[in-house]
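Written out below as structure tokens is the structure these notes cover.
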Amino acid sequence: MTASPKNEMSTVFKRLMTYVMPMKGMLTLSILGLIVYGLVDAAFIAFIKPFIDEGFSQNPTVVAGVELPTSGGFSANKDVMLMAPLVVIGMFTLRGVANFVSTYCISYLSAQLIMDMRQQVFEHYLRLPVSYIDRENSGNLISRVTFDTEQIARASGSALISIVRDSITVIGMLALMFFYSWKLSLCILVIGPLMGVVISIVSKRFRKVSVQIQSAMGGVTATTEQMIKGHKNVLSFGGQETESKRFYEVNDRNRYQNMKLAMAQSVSQPVIMIIGSFALAFVLYAASLDSMKLELTAGTFAAILGAMLAMLQPIKNLTRVNAEFQRGIAACTTVFELLDTLPESDTGAHQVERVQGHLRFDNVSFSYPGQAKPALNNIDFDVKPGKTVALVGRSGSGKSTMASLITRFYTGLEQGDIRLDDVSIYDYSLKSLRSQVALVSQQVTLFNDSIANNIAYAYPGEVSREQILKAATLAHAMEFIEQLPEGLDTQVGENGVLLSGGQRQRIAIARAMLRDAPVLILDEATSALDTESEKAIQLGLDNLRHNRTSIVIAHRLSTIESADEILVIDQGKIIERGTHASLIEKKGAYAGLYQMQFGE
């Protein structure tokens with residue numbers, strides 16, 4: 001049975017509170033500020049009646065133990081009436097301080113909640129299996145980091161304000177109205193032009209900070225998208241910590257910009273209210289003037305009318321909070337479902353510094369989740385340390401699937417096993433297994449950083465400039481790097497957009513060269529390149545394959561003629577195997593593919 005909406009909301013709310021409770025000091029301050037705000041609103045309306053009725057009474061009265069003899073109208077005790085503006089200013093100042101405390105604290109809670117949830121979601125992405133990232137829409141993944149988390153914080157803040165402050169205000173005003181009896185009459189409150197000046201200044205500040213927030217948000221989105229696009233490389237090269245730190249920096253910058261906006265909001269609102277209090281104070285002061293005596297109205301009427309007007313906005317807020325709260329709950333549900341997604345299975349405990357590189361597929365069959373047709377069927381081959389096996393075949397035949405299984409990007413074999421140095425790859429820890437493998441694919445992922453840092457990305461520890469230079473030289477990348485104005489320090493742009501395809505490929509080869517892993521996977525590393533680039537890259541790949549166990553997936557058969565063994569894959573099965581010469585002589589499927597490419 002599915003949980004009822006009420007139970008689901010309760011569960012989500014309790015889980016959301018686990019993010020807020022570490023900041024319970026700020027939460028307490030915000031609630032106290034909201035309570036004081038609501039009480040001051042009610043108290044101010046309550047003071048209107050005694051100020052008017054007692055101050056303007058025809059007969060002597062006693063207020064707070066002080067006798068107020070009056071001769072009628074405006075000639076009543078002027079000391080009391082002169083004190084009224086000071087009381088009003090004091091109350092509104094207290095109200096402004098309470099509003100500042102509550103608004104700033106809630107903004108702090110919201111900004112910290114956004115930052116914490118975004119960081120948690122981002123780091124969870126780094127632990128998710130490739131299968132999850134492949135089947136999800138990248139836009140939805142980014143939206144959960146950027147939009148959903150912000151919706152949660154916004155809804156939480158709005159709900160807290162309405163439930164505490166507006167509820168107390170409404171209850172207080174209703175109590176006053178029922179206490180004084182029901183009356184309704186005119187109401188006009190004119191706010192001076194000074195408020196317009198303040199609003200104009202603050203609006204300009206809001207616009208400026210909003211632009212900065214949009215820029216910071218762009219950094220968050222770009223970093224997230226970059227990680228998602230390069231998810232395999234991040235996992236393969238163990239770059240989770242690097243990506244987490246990179247995201248923390250842009251995430252924290254976004255939080256800082258939001259706090260600048262919060263400060264402007266927190267200051268502007270009490271300033272406007274204090275200015276308004278001076279306007280009201282002037283009205284009360286003017287009431288003590290002789291010319292205003294005959295225009296005075298009853299205190300009860302003024303108090304009830306004031307209570308009615310003061311109650312309108314809180315009621316509107318309370319009617320809106322449910323819709324806002326529901327949007328927040330929906331966003332919470334989406335984010336929590338993501339966080340509840342199981343990370344990559346990492347039950348293996350086998351650790352090794354460096355394997356020999358003996359790789360074996362032992363009658364492996366595999367199907368993708370939800371697919372009835374197997375992607376691989378009874379795949380059986382053996383690669384000795386330092387040898388090269390090439391996989392050829394039409395697109396969709398299962399070649400890249402085999403590469404994904406070696407790195408455990410996909411798991412769940414239907415039968416058989418994959419062994420590395422006679423140990424099942426599922427017995428290795430993920431970190432240990434992937435540290436033995438270097439991956440170079442057709443779709444090169446470069447990060448928005450320098451060439452040197454992109455090459456060093458694959459290295460597990462500190463790397464020297466000399467090591468980077470050596471790797472770039474062996475990859476034949478220095479040929480173009482030396483022509484760049486800043487050499488290795490040249491920024492490559494987002495995903496290497498400032499470099500050509502061949503240049504990006506050579507940086508990827510240098511990255512794998514620096515990693516110095518005993519097992520190498522080349523997945524279409526030279527496809528879709530011009531002849532000149534292919535020659536330079538092929539030289540780099542030849543250096544890279546030296547003394548490494550290599551799995552080469554290729555469409556261009558000229559690049560794998562020297563392989564120790566060539567496997568022809570068709571519909572998930574090995575239909576031919578042998579050396580280039582033997583397969584040509586056999587005149588089978590491989591010879592047919594070769595004939596198609598070279599017409600020989």
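Heads up, residue numbers simply count up from 1 along the chain you see.
Even glycines carry a Cβ here, placed using N, Cα and C.
Features reported for this protein in Swiss-Prot:
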- 28-48: transmembrane segment (TRANSMEM)
- 29-327: domain 'ABC transmembrane type-1' (DOMAIN)
- 80-100: transmembrane segment (TRANSMEM)
- 159-179: transmembrane segment (TRANSMEM)
- 182-202: transmembrane segment (TRANSMEM)
- 267-287: transmembrane segment (TRANSMEM)
- 295-315: transmembrane segment (TRANSMEM)
- 359-596: domain 'ABC transporter' (DOMAIN)
- G393, R394, S395, G396, S397, G398, K399, S400: ATP binding site (BINDING)
Quiz item: Any idea which of the binding-site residues R394, K399 has the thinnest Cβ neighbourhood at 10 Å?
Solution: R394
Quiz item: What are the other residues, in sequence order, whose C-beta lies within 8 angstroms of the center of the C-beta atoms of G393, R394, S395, G396, S397, G398, K399, S400 at the ATP site?
Solution: I569
Practice problem: Please average pLDDT over the domain 'ABC transporter' (359-596) for the predicted structure. | Solution: 86
Quiz prompt | DSSP-derived class (H/G/I helix, E/B strand, else coil) of S395 (ATP binding site) | solution = coil
Quiz prompt | Other C-beta atoms that fall within 10 angstroms of the C-beta of G393 (ATP binding site) | solution = 24
Quiz item: G396, G398: which of these binding-site residues has the sparsest Cβ neighbourhood within 10 Å?
Solution: G396
Quiz prompt | Of S395, S397, S400 (the binding-site residues), the residue whose Cβ has the fewest other Cβ atoms within 10 Å | solution = S395
